[in-house]
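Quick notes on the structure that follows.
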């Protein structure tokens, strides 16, 4: 038995791991009971208001109290209440007399407490004001029935806010434009007509599927910007020099002729001369977006009549600032001298802006584009984004200087066209341009009230036919006066025979200045809308008109669009120099 002595087992030492686990458990229990105590303290304060000091003294010194004081020091009360006082807030605006107090109606959605069965309406499919919405965005209506949609509701903390109605409107516009384009493409018609009619169907004059017209039209404005940006990439300065005389001098001459003609007619008919001059300026505007879209589809941008047409359209965009300066003079709100000073200021700003862009296009732009190419070796994402940003930046600067967004976007394209990366940039921009162009044309269609056009189709159709005939004759004669052939002059005249979408802006400005009366406003509005609708039909008639001109021997069947009236007088070498210059510009 002595051999089998029982060994005494030593005590098991407590490991560090076990001590750490015990300490962590203790801290967890302490935090849990602390939070429970805080919750209980809150309930106790709500239930028993006679012992507030007891709860506060118990809370002091606790772990939760230290966290609360640290957060209070990090985030003071001023930041929790929205930071500094907004100078554009309600009280400050009223105190500084920057706003007028006015009664408005706040419209909110009524939710049915009793579940009543409602008859199905097709419009309800596109109406987001239903019980399934997480939160309702109310609207305000003033005494003049102007509808305001709250876009930035006041919040104590910065939160992600979504305008679901705008998303729904954009979905409706894009889907309807796609369906309209597909339908007209299958029928062998221009897709632009499908975009315009689709917009008129879903707009306020149709089924009223669109709730936020201003927001949709603002987003769609990018279509014009990218259209002109892509045009600037293709329209080099060498090509512009070929048609600069007829584009600049002829463009101003067309505007002046329309203004004088309408002013004289208004004076002879016993109307106001100022209204006649405005109508002439109104009718001289042509649709840049619609015409460019058709010229691109027909591959006529590089043709001579296409170059003259584009140059005239750009001149009209440049003249918008001058026309805006003329409106207060015609409306009687400012004197002639003040109008001349404003117009001179616009010309100086325009020349200075173009001079600065010319310098930048030779110095900074090539270096910037090469840098973006080097950084976009793997993917073109960064180069595409940089191109869009450059276009928008130049357009924004142009708008801030009192010029137009269209002029700035076109100038941005011309700046890049002077480099060897113009074609690459155009390939990156084309998908964006096509998308926003369709969105813009659909938004123009939303301004067309089908019911209004149908009720007054007789007088509006007669006005549109008269506008097309007069504009075609005047523009054709002006272009012919610069030595271009009969065919090229007629093509330019028919291409610019419609009233442009920018005329809506001129019309609204004139209405605010009380320059036009209500009846004339409706007549011009309906004529412009119907003119845009009939523009695709007018372009479809161009081949038939050209064939008729050949039969009437206005021009020979083999007449070259690059030819001029004096081709039979000029020597063959001169003709070859002109042809080679234009072809060389196209190759560049």
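Positions of Cβ are set from backbone N, Cα and C atoms, glycine also.
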Range annotated transmembrane segment in TrEMBL (choices 135-153, 192-210, 382-400) is 192-210
According to TrEMBL, which stretch among 90-107, 108-125, 216-233 corresponds to the feature transmembrane segment?
216-233
Stated TrEMBL location of transmembrane segment, expressed as one of 245-266, 553-574
245-266
In TrEMBL, which of the ranges 308-327, 408-427 has the transmembrane segment annotation?
308-327
Would you kindly check 166-185, 192-210, 216-233, 245-266, 347-369 and say which stretch has the most C-beta pairs under 8 angstroms to the transmembrane segment (308-327)?
245-266
So which residues does the transmembrane segment (245-266) touch in its own chain, when a touch means Cβ under 8 Å and the partner is 6 or more beyond its ends?
272-273, 275-277, 279-281, 283-284, 308, 311-312, 314-316, 319, 474-475, 478-479, 481-482, 484
Sequence gap of 6 or more, Cβ distance under 8 Å, 3 or more pairs: do the transmembrane segment (278-296) and the transmembrane segment (166-185) meet that?
no
The answer for the transmembrane segment (216-233), taking Cβ pairs under 8 Å and residues 6+ beyond its ends, is 166, 169-170, 173, 210, 288-289, 292-293, 301, 310, 317, 391-392, 395, 405-406, 409-417, 422-423, 425-426, 429-430, 432-433, 436-443, 446
For the transmembrane segment (192-210), which recorded stretch in the set 166-185, 347-369, 434-453, 459-478, 490-508 gives the largest number of Cβ pairs separated by under 8 Å?
434-453
Residues outside the transmembrane segment (434-453) whose C-beta sits under 8 Å from one of its C-beta atoms, at least 6 past its ends, are 170, 173-174, 176-178, 180-181, 191-192, 195-206, 210, 213, 216-217, 219-227, 289-290, 293, 460, 501, 504, 522, 526, 529-530, 532-533
